[in-house]
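The annotation active site is assigned in Swiss-Prot to His42. Feature annotation from Swiss-Prot assigns ATP binding site to Tyr45, Lys84, Asp492, Gly529; the stated evidence is sequence analysis. Residues annotated as Mg(2+) 1 binding site in Swiss-Prot, with sequence analysis given as evidence: Glu86, Asn530. Summarising the annotation, Swiss-Prot assigns substrate binding site to Ser87, His88, Asn89, His90, Arg109, Gln238, Glu310, Ser311, Gln312, Ser532 and lists sequence analysis as the type of evidence. The active site, proton acceptor feature in Swiss-Prot is assigned to His88; the stated evidence is sequence analysis. The feature Mg(2+) 2 binding site is assigned by Swiss-Prot to Asp110, Asp266.
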Amino acid sequence: MDKATIKAHKINEQEYEEILKILGREPNLLELGIFSAMWSEHCSYKSSKKYLNGFPTKAPWVIQGPGENAGVIDVGGGVAAVFKMESHNHPSFIEPFQGAATGVGGILRDVFTMGARVVANMNSLRFGEVCGDSENARKQRYLLKGAVAGIGHYGNCMGIPTVGGETTFDASFNGNILVNAFALGLVKSDEIFYGKAEGIGNPVIYVGSKTGRDGLGGAVMASDSFSDANKSLRPTVQVGDPFAEKLLMEACLELFKKDYIVGIQDMGAAGLTSSSFEMAGRSGSGMKMQLDRVPMREEGMSPYELMLSESQERMLICAKKGCEQKVLEIFKKWDLDAEVIGEVTDSGQMQLYWHGELVGQIPIKPLSEAAPVLDRPTARPKYLDEIKNLQIPKDIDNKTAFLKLLRESEILNKALIYDQYDANIQTNTIKQPGYLGAAVIRIKETGKALAMAAQCDPRANFVGPKIGAARAVAAAGRKVAMSGAMPLAITDCLNYGNPQNPEVMWQFAQGCEGIKEACRELNTPVVSGNVSLYNDTDGVSVYPTPAIVSVGVNDDARANLKSVFGSAGTAIYLLGETKGEFAASLYVKALFDVVGGTLSEIDYKKERALWELVIAANKAGVLEFANSVGVGGVAMSLAKMACISGIGAECKFDVAQANFIFDESFSRALVGVTSEAKFSELAAKFGVKFEKIGVTGGDKFRLNEIDENLKEISEIYFNEFANIIKQED
């Protein structure tokens with residue numbers, strides 16, 4: 001094998017030597033391509049696995065933790081929730097519509113392959129600077145429009161509601177946008193399917209769309225940095241067909257009602273290669289496949305192309321022997337391709353045939369369960385010492401600061417984005433996008449509700465990689481709790497830069513430690529997730545972005561707690577302590593273009609007590625609304641609540657310094673109290689500090705010296721984002 005071919009497959013010298021040992025010979029091109037895909041960062045997690053192993057993954061309600069297509073938790077009444085989040089960052093930067101659309105398609109397959117009907121989508125999106133007339137700003141607006149359109153197109157065509165998410169902007173994402181997709185499905189607790197291929201002689205069946213050449217090398221592409229030399233990568237981006245996926249989902253759900261199969265696996269990154277190796281690897285078995293039987297969309301396709309294509313809307317099934325015809329009939333009924341292409345063996349080898357000739361043979365274990373694990377060097381970034389002491393350069397009056405922060409893209413209403421998503425299809429949505437806090441859907445079969453919230457502050461993770469990641473877990477859980485639901489588990493999508501940079505690996509290692517700590521202390525285990533590395537262009541990495549989605553259960557769907565004002569005359573209480581913390585805050589970034597400071601540690605007892613107080617007070621019927629205090633502090637949280645509800649507020653907030661109304665002290669919430677005596681008793685019981693700061697009502701927004709007309713600030717809040725993004729329209 002010549003060095004140029006090996007290099008083109010991103011295989012280094014050490015890895016190639018290992019391949020020679022495993023095979024006892026030189027690999028052919030097909031085998032080299034398979035090693036390249038399965039040992040890529042995207043498939044093998046070789047740089048990250050060392051740090052993921054310590055994640056808390058168990059609890060009485062966890063049915064399936066990491067290692068399967070998606071995580072599963074028991075949500076009561078014989079129902080389980082199946083959920084996961086994944087990235088499609090690199091494809092979305094190259095071709096935003098198809099990249100984002102197929103990201104949605106892939107995460108949907110991960111969920112419904114477990115036997116669940118998908119009932120909710122969410123997303124976590126990061127773009128660069130969108131304001132202004134620079135070439136970069138125009139490109140970022142183009143990327144945003146394309147990615148959002150792709151997400152909406154796929155989810156809407158599938159008939160699955162997109163119920164929430166988060167979108168933020170920062171210059172660190174100018175060279176790499178982040179598109180993280182989340183999906184959640186429901187299944188009976190005793191009807192879950194797994195991705196395994198066992199039982200000697202059991203048939204292996206290919207189902208779904210035909211295989212084409214789209215997406216070739218996608219897993220390897222997603223395991224590399226961008227540079228000027230590799231930006232013509234459109235052929236590596238998959239092309240999605242949501243209508244084909246809808247048929248595939250319905251066919252699979254029909255199949256799951258029968259007793260015909262042993263296991264099923266989505267063909268995602270690395271296509272037929274990853275699905276076959278993963279299924280056999282989990283079961284410790286072998287597999288034979290006749291590649292000439294794979295349904296092909298294009299003429300003249302080679303075994304290499306068939307194994308590594310990432311054409312969408314495809315699954316691999318291990319059926320029970322004798323049930324082949326029944327499986328095929330179901331998929332033919334739904335007008336999908338279905339062919340028996342192989343069988344399970346006890347060889348521990350993947351044997352690949354082409355018109356009867358053996359064209360590839362590789363041991364399965366070294367490419368699945370025993371793939372290489374790297375121990376990359378780490379180094380604490382030098383910049384941390386340079387930014388740790390935050391100095392606010394000068395005083396700015398609060399009215400000026402308020403109007404400046406209100407116009408920030410992070411704060412502005414994102415109706416331009418979420419209006420492209422159908423949030424109400426399936427008629428289960430209780431709280432949809434645009435109303436702050438967690439998204440909430442009902443479980444019709446049980447009368448319960450599921451709350452889910454996406455959260456991550458990249459600036460905080462840049463300033464303090466460990467505490468920032470822990471805060472993402474805690475803040476996502478707090479949003480869920482503010483709806484009245486108890487947070488039960490999380491899924492993560494860990495977006496970092498180039499792992500070959502020791503400072504990036506240090507950020508990643510610290511982020512994992514923060515997640516471990518927060519999940520352990522808050523009793524919200526990790527049940528699924530994804531790692532996306534190489535979010536780096538020309539040596540510049542994105543801010544560390546460990547995106548978290550927390551999922552919780554409210555035993556009574558009718559007792560969902562609003563996040564915005566519900567009526568005039570309700571007392572507004574602030575829960576938690578305001579300490580004047582501006583590290584990584586929007587205040588210093590927006591006003592002074594500074595990102596720095598030192599984050600304070602999380603007091604997990606106080607965080608958990610805040611959750612439990614709000615949940616208990618909601619059950620007691622003494623709350624009208626609850627909203628987590630986040631970016632922009634009390635001032636921005638209150639302003640958004642007023643604008644969305646159309647109800648003003650009269651607030652007086654005792655602070656040590658005037659600008660503390662914008663501080664981002666952690667573990668705080670704003671609640672509307674309908675019985676002050678009863679609420680005071682509960683707050684004392686849970687040991688949560690509280691302060692009455694005002695009352696809802698009127699057509700003004702007043703907070704200390706800020707005195708604004710509600711209609712005027714609402715026009716800014718609701719219209720300014722569209723004005724920014726639609727400049728070229």
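Heads up, residue numbers simply count up from 1 along the chain you see.
Any Cβ shown, glycine's included, is placed from N, Cα and C.
In three-state terms derived from DSSP, Ser87 (substrate binding site) belongs to an extended strand segment.
Those residues of the chain, other than Tyr45, Lys84, Asp492, Gly529, with a C-beta within 8 angstroms of the mean position of the ATP site C-beta atoms are Leu52, Pro66, Met85, Glu86, Thr491, Cys493, Leu494, Val526, Ser528, Asn530, Val531.
Mapped onto three states, the DSSP output places Asn530 (Mg(2+) 1 binding site) in strand. Under DSSP, Asp266 (Mg(2+) 2 binding site) is assigned to a strand (E or B) in the three-state scheme. Per-site Cβ counts within 10 Å over the recorded positions His42, Lys84, His88, Arg109 peak at His88.
Counting only the Cα atoms, the space from Asp266 (Mg(2+) 2 binding site) to His42 (active site) is about 15 angstrom.
Within 10 Å of Asp110 (Mg(2+) 2 binding site), as judged by C-alpha distances, the recorded positions found are Lys84; the full candidate list was His42, Tyr45, Lys84, His88, Asn89, Asn530. Within the same chain, residues at least six positions away from Tyr45 (ATP binding site) with a Cβ under 8 Å of its Cβ are Leu52, Ala371, Val531. Within 10 Å of Glu86 (Mg(2+) 1 binding site), judged by CA to CA distance, lie the following recorded positions from the set His42, Asp492, Gly529: Asp492, Gly529.
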